[in-house]
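Please find one structure pasted underneath; my questions will follow.
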């Protein structure tokens, strides 16, 4: 039991401290460079990934923004709405909230997250 | 549920017995048994009633389903039933939400149904019913086609149709206006041996009427009459339509009268039939009249009916009348789906203009989130191939009407999805004209389409189109979407040229490079980079290179490419230069890898770094630090030293010198102090530096010395330092001082937690709890990591068996609300007893947790142990408790898992076969994950096997877990067997399962016997597969355990066992073992382990601590040459050996007179003195000592004298401490040397006014009891008596050790004026107290009182206690408070004086 608890924590620790934002509902017209451009106003974007589906040639509407500091991430999270290419996005801080919104709204969302490696 | 009870009871009573250990069997058969059964019955009395009810319900549901699916064999009916539920739910949801079903959904449900083998009648009905007006997006003929396809397919699969199916088909025909022969239909029914019913006849009449065939309708009607079937309104409505369609409006109208005569009042349906009839004729006047008539009556036409009229007008070619009807629509919210369906239907019928008209009339809120309401219309227009220009116009109108925010973009998306290039081009042009950018990725969906068909021409067309649109294909376009369609990249180039397709050579070459990189073709990359002439920036290559590196494990190529980057003029030569660029490259490379990847490739990376070192590649220190942090966070700190070798040293050193050393700071501090200037800042800086150097002793001394100038930050760092050094006493004192300094100051969370940990560990429970309270009071931020730290504190205490610590701290944490009780946090309460094998207490503790916090920590482990030990009664108790509190099912699962875990599979089987038990996915998953984490293959296999018939069990998920475990173990044979078992069990594997299976097979070079579903993102291709086997893991665990508990013999034996079996542990394990052996002074064994590790693990090296220990051990055993080699090795690895190790080695060499070795060491550690914490004086003392031992007395003395008298002194004379040398010379009775030293120090004092050496010599003489020599020296050099600070330091140091009272006494006899110093007499008293020398203490007290010296309370307290302990009376009132109090008071009073 102790071992498994410790393992859980390991995963937890890598989650914390990486200033990464998870963005949902990215309009199809925007790709990573557009996202990068938008989020540059909040801080230095170290990396921005919007994975494309090689089966369809479209992305799945989600992406990850790696900021260089927690503070910058915080700046970005502070703003209620993000509009890229005229499509409104909303940001959410926590998982629960995001799940709730996913059910109830059509808006674009963001949460802090760990990106896929 | 009663059944549940029965089986569990029966199991415990009898069946378990044969398989449980002997003792338990005896117990079960003995007199204990009836008692146990009795208990069980009593405990279950309550839940039974409820349980029975719920079981009855279960049965009735099952019975219902059975009726539907009579022909199904019972084993599969449950699965089908749940599948049916799923399909029904999907379709039902769609209909309820939108009033329609998308074709894809229906197709999917249909495919799934076919897949399941033998679809039931219900499913068939559901599918057929969906093929009519619920599919507005499909042309009428297509819908009927679909219905027929379903009909035939299901029939082939053995579905037996009844009349409901035929009727459903008829309804679909009517809705789809399908022309068919009713007589043929009846014949078909007859052939199928199905009797038509009233609904059948009604619908056949409607069919005739729709064709305007009144005669046909009449025949059926007559037939109905002979059968005495009632004629309903539906029949009359059909007849209205029939007459109208036959062109006889008059009779159509007359039907209403006929109805009334027949006693049936015409309802809305009949009027609607009439209205539609008028509409089809374009007779707006009659429509309006009829509508008015209906309005006046008590009938009511719904929006849906009005929409129907609109459809009739439109289809008949009278769109001009649509607005008049639209006006009458109320647009109730619930009819919006109907409106949408009408719009879709009109579009399907190519009546887009009318559709748009209706859409624009929709009163949709323009600001709401639904502001892209028009999307469905646009998408459908794209589907039905509405002409591009027309669509463009619609987009404009929708935007103007605010029915869509970005109609052009949306339509473009639809066009791309549908692969409509021409339409897409028009839309892109339109977008461009409106000033929107056209982006490269817009073309990707089109390329994907062609790629799937390997349509080279199509791809060329798209590329040309991009050019037309002014878009240049980028790397990604080529790599992901163009290249895959061609055999080789060369052929792409050729085809593009052939077709006159312009392309940027630079981008193309980069794409080519990337494409090779993705495939791990580093050979190509290297040769390309060598021969390349294009002006490539390194930045553009970096991504590709990183990909390639990660895909290829050829370290030589890694290094060669890196070397090329570093040295070749084409790549990284511009500012900031190759060092930076390659440094960042390494950083990015590691950053792009996941922690598990780095862990798996640790050895490769190590080789890589070493090869780079050989190639003389260097990286800047700041980037090194970044890499170090990355490696640290990936839990591979072992690699840090390997990166460290690449650091560019020259720059580092120049930076280092700019940073002041601690001794610089200290002298600065003293200077400021002497000048009476504020020293707070510099003091804090110095304390922080000492803390970072881990020099606790010095830091504490400094604090004591400058207590009044301490600030909060300094205290915080000191507290943390003491916690790190496990120094609870000082940490606590510092914390108190910290509070006194500023009671509102708050430490950070980590420091509080560390304090709690250290205090708890040293049994200072109340203090630890006080810290917790303070955390609560000061509202310290509690993070997840903090809660985890709490757990570790508690768990550590539990493993050490500290019952009170665990209980009280847990209680405090929970009641203060610092953390909520959870199965993790509270588990130490149980661990405590499990570790002690006290099972009753463990169970009690678990139950106690439930009663207090509603959690059951470690219940699984408790149960497992109980089963292992055969504790029947306790198992009983646990089960009773769980079933009472959490229900039978939970109890059964607990028991099931415990039996599985302990290998009692037969018992586990009995449990899981209990009637009424259902799958609990989360619990099953929990156990699966546990098995995977602990690599319990057999247990997991058994779980999967035993749950085969478990109701509602997600078999695919279980097999997925099993495959995950096989993947870990690289066992492809077993994975392959899983594939077959799944087919046998008729499981439809999810995509992820297939992918995982394929991955295992591929990794082991096996063919994959099925199509692998592709992933939408790139997956790791070369993830680690060579994980250690369970045996190795277990042995290693044992070894680590033995190391942790310091059982060196056991640990070494485990090592020998493993060695025999040729099992190799990881770096860490060997390092720990070696550390332990060294600590136990067992260097021979340690070396044995080291040799083995070095020969079996490439690049195995000891870490800093182990090497330091090794040095100390070697010195102790007098293997000085070996120790020197070890030191060299450690330094070569860029390790920092401990100060103790280096000092010991230096001293040992010096005592041997080995000057050379001492000087060698000095050279070796040159530049690292500060990091190690070595004072220069160590070398000066020891070199001199070595020289003296070698009889080079003059040389030694000369060099010391030179150092102290030369212009540029390296060490301030004030700190030029030679006490060590002097002591060693005195101890060694090296009289000639002592004599010469004496002459030298006197000369220094008399001629150069350097008094430190002479004072040191004097003190050493005193210390060694050579009082006469000391006195003589003092007489020759009276200035010694004036060196008060040096003398006082000597006093303070000596007063901390026992047995030093005589030394102090002699000193004070020699320099009596020293006694006037408060420090001196205080120290003297302290020494007397230490040695319990009452007589001297008395004499001291009296002489001081005689001089009227005002004695401080601490002094008096000491004296008083000494007297009391000696049983003597105290001649004054003993200060009432504690020592600490007065110590504090004294410090405070000093502070105020300053």
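Cβ coordinates are placed from backbone N, Cα and C, and glycine is handled just like the others.
Below are the features listed in TrEMBL for this protein:
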{"type": "DOMAIN", "residues": "B:224-331", "note": "domain 'PROP1-like PPR'"}
{"type": "REPEAT", "residues": "B:197-231", "note": "repeat 'PPR'"}
{"type": "REPEAT", "residues": "B:232-266", "note": "repeat 'PPR'"}
{"type": "REPEAT", "residues": "B:748-782", "note": "repeat 'PPR'"}
{"type": "REPEAT", "residues": "B:955-989", "note": "repeat 'PPR'"}
{"type": "SIGNAL", "residues": "B:1-16", "note": "signal peptide"}
Per DSSP, what is the helix/strand/coil residue tally across the repeat 'PPR' (B:955-989)?
28 helix, 0 strand, 7 coil
Work out, from DSSP, the number of helix, strand and coil residues along the repeat 'PPR' (B:232-266).
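The composition, in the requested order, is 26 helix, 0 strand, 9 coil.
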Which residue counts does DSSP yield for the domain 'PROP1-like PPR' (B:224-331) in the helix, strand and coil classes, in that order?
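Looking at the domain 'PROP1-like PPR' (B:224-331) with DSSP, the answer is 79 helix, 0 strand, 29 coil.
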Going by DSSP, how much of the repeat 'PPR' (B:748-782) is helix, how much is strand and how much is coil, in residues?
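Taking the repeat 'PPR' (B:748-782) as a whole: 26 helix, 0 strand, 9 coil.
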Mean pLDDT over the repeat 'PPR' (B:197-231): what is the value?
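Mean per-residue confidence for the repeat 'PPR' (B:197-231): 88 out of 100.
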